[in-house]
Amino acid sequence: MAERKYFGTDGVRGKVGQFPITPDFALKLGWAAGKILATQGTKQVLIGKDTRISGYMLESALEAGLAAAGLSAAFVGPMPTPAVAYLTRTFRAEAGIVISASHNPYYDNGIKFFSANGEKLPDEVEEAIEALLDQPMDYVESDQLGKAIRINDAAGRYIEFCKGTFPADASLKGYKIVVDCAHGATYHIAPNVMRELGAEVIEIGTHPNGLNINDKCGATDISALQQAVLTSKADLGVAYDGDGDRIIMVDHLGNKVDGDQILFIIAREALRSGKLKGGVVGTLMSNMGLEIALKHLAIPFTRANVGDRYVLEQLKEKNWKLGGENSGHIIVLDKNTTGDGIIASLEVLAAMEAHKMSLNDLTHAVPLFPQVLLNVRFDGGNNPLENAAVKALAKDIETRLVGKGRILLRKSGTEPLIRVMVECEDAVLAQQYAEEIVSAIQNH
């Protein structure tokens with residue numbers, strides 16, 4: 001794969017008003033994508049966004065670029081990333097575009113693409129788009145210019161799709177659920193899905209103003225959700241991030257239920273119902289408690305690099321259907337082509353309803369190991385992880401932790417940091433081992 005100039009692992013992303021998140025670059029990107037994506041099909045591209053104020057500016061610029069290349073744009077407005085993937089497929093569009101920076105603050109934004117089948121664009125297509133970005137723009141003839149339409153019922157279509165993944169003979173009647181939408185793209189979707197399935201819903205994070213997305217709310221800050229669950233005596237709480245591809249849950253006692261626990265609940269229920277295909281893909285950061293719990297059920301487990309795109313790659317390689325990260329990206333390929341927070345929450349709720357068990361009860365089978373995470377800064381130059389003393393200590397600790405913990409040492413790809421992670425049944429021991437490793441790295 002050629003080295004990328006503009007596209008990162010998740011499209012183009014950055015601070016609004018600074019290259020490449022500017023209207024002039026977005027226009028050029030729309031044009032370049034339009035030139036590459038134009039085929040003999042519908043010549044239509046679906047455009048969705050989250051609730052950032054900059055989304056208005058960027059979608060207009062993208063639409064102008066697409067039109068100049070002869071492609072029409074179909075706007076769906078604020079819409080979760082997985083919804084855009086789904087709607088791109090059902091509208092038979094050439095591609096889907098999402099304007100979002102996921103869990104980042106409002107002053108960041110990004111642009112990423114889905115192929116016609118709702119999956120990440122192939123590398124060769126992204127490379128072809130990049131090559132055009134450095135070329136002067138040309139335009140189709142006036143009678144070939146693209147148009148723009150707005151799809152007013154997109155939210156309703158996705159709500160019905162989500163509800164259709166929930167067992168037809170089940171209901172959420174009797175459940176009180178607090179739903180935190182991070183003032184993001186799920187604000188008009190998730191509460192309605194839960195209500196229409198019968199739940200009593202208490203909303204927080206559902207009043208976006210363009211500036212408050214992910215601000216002290218959502219999957220990256222669940223303190224408000226925990227308080228709301230306890231205050232309202234709810235059965236559980238659900239938090240999504242700004243673009244709806246990540247989920248964290250809270251049980252009735254206010255305890256956090258992370259992506260590893262959610263993944264286990266879904267996997268166990270799929271096994272019970274005979275719908276589990278293959279095994280489960282986690283990441284290098286997945287808790288050892290998840291691995292052990294899956295092993296007790298004889299469910300195969302493998303680890304991908306950190307990042308939902310790497311989880312997806314492993315799933316496709318193994319032809320498995322279920323994977324995710326402890327941060328809350330949960331991919332259920334039987335239901336959607338990308339991580340989908342609403343679908344994941346419905347999978348957990350279906351398991352609760354099937355067994356008439358609380359979320360707290362369902363998490364008991366996957367006791368998470370205490371995990372210590374430390375960052376150590378170093379002065380460029382030699383990689384401390386190649387130092388003989390550091391390697392010897394790491395090997396010694398790994399030997400001591402066999403069967404009851406693990407360590408993970410990795411160099412940051414963006415800054416001069418070594419990330420140290422130690423998991424152990426004994427929290428005190430985990431902290432001790434982590435500090436020993438940090439000391440060795442600092443003294444290398």
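Note: Cβ is positioned from N, Cα and C throughout, glycine not excepted.
Computed from a predicted structure; not experimentally measured.
Per Swiss-Prot, active site, phosphoserine intermediate is recorded for S102. Taken residue by residue with DSSP, S102 (active site, phosphoserine intermediate) is part of neither helix nor strand, so it is coil.
Among the features that Swiss-Prot reports, Mg(2+) binding site is placed at S102, D241, D243, D245. Sequence-distant neighbours of D241 (Mg(2+) binding site) (same chain, six or more apart, CB under 8 Å from its CB) are S102, H103, A182, G184, N214, G218, A219, T220, I247, G328, G341, listed in sequence order.
Look at Swiss-Prot and you will find S102 tagged as phosphoserine, backed by sequence analysis. Around the Cβ of S102 (active site, phosphoserine intermediate), 26 further Cβ atoms fall within 10 Å across all displayed protein chains.
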For the binding-site residues D243, D245, the one whose C-beta sees the most other C-beta atoms within 10 angstroms: D243
